[in-house]
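This report concerns only the one structure given below.
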Amino acid sequence: MTNRIRVAVVFGGRSNEHAVSCVSAGSVLRHLDPTRYEAVPIGITPQGGWVLANSDVAAIGLSHEALPSVDAGGTALTLTADPTRGGELVALDDAGAVLGTVDVVFPILHGPFGEDGTLQGMLELAGVPYVGPGVLASAAGMDKEFTKKLLAAEGLPVGTQVVLRPGTATLTEEQRERLGLPVFVKPARAGSSIGITKVDDWAALDTAIAAAREHDPKVIVEAGIVGREVECGVLEFPDGRISASVLAEIRMPEGDGPQFYDFDTKYLDDVCEFDVPAKLDDDIAEQVRELAVRAFQALDCQGLARVDFFVTADGPVINEINTMPGFTSISMYPRMWEATGIDYGTLVSTLIETALARGTGLR
């Protein structure tokens, strides 16, 4: 087993999706094939410190009572950015011992300082292959403003939005008329539906903007879209083929339950129902799958992405793209691929082998 590929599974991070990242990493570690891969779990603390984690991370779960976090008590380390040193992990103690090398990184990080191109840029400098899109696609996919601008430039269907930059307090009357009600107020660069508010009355707008700005100084206000919420997974294979999964539909509970698919609904509360595959007409489903691949290519993604849609009476509309979707046991991305015929373990192996085949640098 000495020829196994050493895979650094990097998780945690400085974003408000730290806990979800920890749980995703636990699922990935549980499904790594031990005959092919040697796992090197590396946690990033909420303060940004890198530590060598232990195998207990594979048992991490998520609940109202316990949101997991990376403990700073592990061996502090860094990944050298010198590409001539072959992915060396160096201890941050007085001795500066080399703790070994890694062949590839699986950066199962969600949100800023991990999914947004920052870590990807560091890995490019280090010359270490990594799972997922590169710097440009990661940065653009993290920022809802530029995601929609790039997709719209390629002629893909997107919803109406207004960007509130730092220093812009609220919407103008003209913008309110253009958007209509309801609107969704979101941090521009956050995921897992954190900081999102549905606004049905303009009197609540400023409070919603303030809530979003707790997570990001740049805020997006999106026009509400009436339609079915559908997701599609996109996967790149080592030979360069790009495929779309079967679709998943999220069905929100009727009555007094949550009004949209928020953080608690996604990860903590068992209140939504899911259809995998989604019960859509074949022609609509195929249209969504084709749009998902086009969105993947429009942002120059590699490896994987999850593309979220609203299927309206006038056709599908792209809501957003996730360049490192959740990998928890209940996450839609692995569930969609399992329904397509690729189980979790094979999915993880495919992503790693695609990263190794792609390498780093201009391509």
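One is the number of the first residue shown, and numbering goes on along the chain from there.
Placement of Cβ uses the backbone N, Cα and C atoms for every residue, glycine included.
The following features are taken from Swiss-Prot:
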- 176-231: ATP binding site (BINDING)
- Asp308, Glu320: Mg(2+) 1 binding site (BINDING)
- Glu320, Asn322: Mg(2+) 2 binding site (BINDING)
- 148-353: domain 'ATP-grasp' (DOMAIN)
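Annotated features, which come from Swiss-Prot, shown on the structure.
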residue	record	contacts (Cβ under 8 Å, 6+ apart)
Arg176	ATP binding site	Trp202
Val183	ATP binding site	Lys198, Val199, Leu205, Val221, Glu222, Ala223, Gly224
Ala190	ATP binding site	Ser15, Asn16, Glu17, Gly111, Pro112, His215, Asp216
Thr197	ATP binding site	Phe184, Val185, Ala204, Thr207, Ala208, Ala211, Ala212
Lys218	ATP binding site	Glu145, Val163, Leu164, Arg165, Pro166, Pro187, Ala188, Arg189
Ile225	ATP binding site	Gly159, Phe310, Thr312, Val317, Asn319
Asp308	Mg(2+) 1 binding site	Glu229, Val230, Glu231, Ile318, Asn319, Glu320, Ile321, Asn322
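Mean model confidence of the domain 'ATP-grasp' (148-353) amounts to 93 (pLDDT, 0 to 100 scale). Other Cβ atoms within 10 Å of the Cβ of Glu320 (Mg(2+) 1 binding site), summed over all protein chains shown, number 21. Lys218 (ATP binding site) falls outside any helix or strand according to DSSP and counts as coil.
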